[in-house]
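Report on the structure given below.
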Amino acid sequence: MDLKADSEDVDYKQPAPIEDFASRSTLHGISHMFTYERVCIKRTLWILFFLGSVGALALVCVDRVQFYFQYPHVTKLDEVAAPLMTFPAVTFCNLNSFRFSRVTRNDLYHAGELXALLNGRYEIRDTHLVEENVLEILKERANFDNYKPRPFNMREFYDRTGHDIKDMLLSCYYRGVECNAENFKVIFTRYGKCYTFNSGKDGRPLLLTMKGGMGNGLELMLDIQQDEYLPVWGETDETSFEAGIKVQIHTQSEPPFIDQLGFGVAPGFQTFVSCQEQRLTYLPPPWGDCKAAPMDSDFFSTYSITACRIDCETRYLVENCNCRMVHMPGDAPYCTPEQYKECADPALDFLVERDNDYCVCKTPCNLTRFGKEMSFVKIPSKASAKYLAKKFXKTEQYIADNILVLDIYFDALNYETIEQKKAYEVAGLLGDIGGQMGLFIGASILTILELFDYLYEVLKYKLCRCVKKKHKGRGNKDRGAVLSLDDVKRHAPCENLRTPSTYPGNMLPHHPGQGNFEDFTC
């Protein structure tokens with residue numbers, strides 16, 4: 001037994017020669033490149049063909065990978081029939097925000113300049129443009145001698161002077177069933193006091209429709225009350241040159257943004273609006289640019305572009321003007337007429353028309369909108385003018401100037417789906433690369449594993465040989481200083497006690513020769 005045993009020799013299996021591996025590999029062409037034959041021209045041609053195929057494969061794979069990271073998408077359109085559909089919310093506003101007959105002396109004192117009725121000195125503007133009967137009323141109301149103004153609130157002003165649905169609504173039918181003012185909910189927009197049909201608020205169930213076509217939707221006859229329009233002697237954001245109403249068709253979860261997205265309906269016409277519901281599905285980044293995260297707002301729970309815009313505009317005005325407009329949510333104080341004129345209106349106009357960076361609202365990933373086709377006919381006809389004038393106790397001219405009819409209905413009981421889909425996914429990328437590998441070099445994933453397995457065996461063998469050589473070199477150096485038990489027995493030092501003798505001087509390396517009894521003890 002050795003005093004210090006040498007490291008055991010480990011028999012590492014040498015991998016097969018590359019010619020043997022190539023002969024049984026499933027990689028096409030490699031058996032012709034690594035062969036025991038010494039035909040140089042043939043091997044050279046096979047190497048060139050193989051390298052060319054690998055190069056072509058690399059180009060195609062790079063192209064496919066680049067295409068994948070472009071994240072392309074396609075749009076799928078479909079029409080889906082439905083047994084019944086939810087009727088949309090319909091919001092309308094009179095283009096005139098304030099009724100002239102409801103404007104009081106206190107209103108003129110505070111908001112006369114805002115509505116372009118008075119100048120900064122509380123005087124009537126451009127009296128030569130004023131009709132005589134209107135001028136008399138204004139002179140009476142604009143007499144502020146010894147007048148003590150009362151507190152003024154813009155929300156109350158808009159609510160009190162805005163057009164009343166009970167006065168505007170001449171007739172209302174939904175699917176042939178009569179409706180009334182109770183079916184409309186007041187909502188404030190930038191046009192002031194507006195009304196929404198089928199809002200779903202106050203616990204009211206949403207209205208359904210089971211047929212398409214005219215007569216299966218909403219039909220309104222409205223009086224826009226042009227006699228109540230404020231006289232216009234100047235241009236402000238609160239005055240309007242038009243007569244009629246603004247209408248927006250939207251979902252119940254989406255607040256109206258009627259000044260930007262509404263369409264106009266003129267008096268003297270019956271307007272037919274044929275709708276089709278469109279359900280859009282967009283992809284989030286990196287394939288698309290929709291917003292998948294929930295709404296981060298104190299005012300709205302469901303994300304939509306209009307909710308985002310209103311939320312952003314509200315925050316912008318509160319930050320810059322320390323107040324909010326009447327149609328804006330929140331608990332900040334309402335702007336005064338002076339703040340409307342000096343700060344709120346200019347700031348909001350700047351935000352809407354020129355600043356494209358502050359209010360950037362992404363499209364939601366799921367969106368419902370309503371496509372519209374509109375047509376018009378004249379109302380009243382010559383044959384019906386006298387009847388309508390008699391029915392509503394108005395003149396024929398009043399009927400022609402103020403009456404409009406609005407029909408909104410689904411053109412068919414179906415909806416359109418517009419869906420973005422990923423055009424190229426991981427499965428497609430792997431399929432393309434696998435197909436090209438099979439075409440150019442006849443390889444598969446398992447072929448690649450074969451190559452890696454052989455390379456692993458070769459590297460392991462080379463590495464282990466290097467480690468073994470280092471261990472052998474270190475063992476040879478240490479062996480010169482170690483005396484094994486066999487060496488001791490071979491020289492039998494205890495027997496030499498009876499026969500005096502001496503050991504060679506080099507018996508114990510690195511030590512000087514010594515006497516018999518000093519060398520070992522038996």
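Here the Cβ of each residue, glycine as well, is placed from N, Cα and C on the backbone.
Looking at CYS275, CYS290, CYS308, the record from Swiss-Prot puts CYS361 in a disulfide bond with CYS308. Check Swiss-Prot against the ranges 33-49, 50-66 and you find transmembrane segment recorded for 50-66. Per Swiss-Prot, the disulphide partner of CYS194 among CYS93, CYS312, CYS321 is CYS93. Using a 10 angstroms CA-CA radius around CYS343 (disulfide bond), none of the recorded positions in CYS359, CYS361, ASN366 qualify.
Under 8 Å, Cβ to Cβ, and six or more positions away along its own chain, CYS335 (disulfide bond) finds MET154, LEU317, CYS321, CYS323, ARG324, MET325, CYS343, ALA344. Around CYS290 (disulfide bond), the C-beta neighbours below 8 angstroms that are at least 6 residues distant in the chain are TYR282, LEU283, PRO284, LYS362, THR363, PRO364, CYS365.
For the pair formed by GLU79 (site 'Involved in channel desensitization') and ASN366 (N-linked glycosylation site), distance between Cα atoms is given as 17 Å, rounded to the nearest Å.
Within 10 Å of the C-beta of CYS359 (disulfide bond) there are 16 other C-beta atoms, taking all protein chains into account. According to DSSP, CYS312 (disulfide bond) sits within a helical segment.
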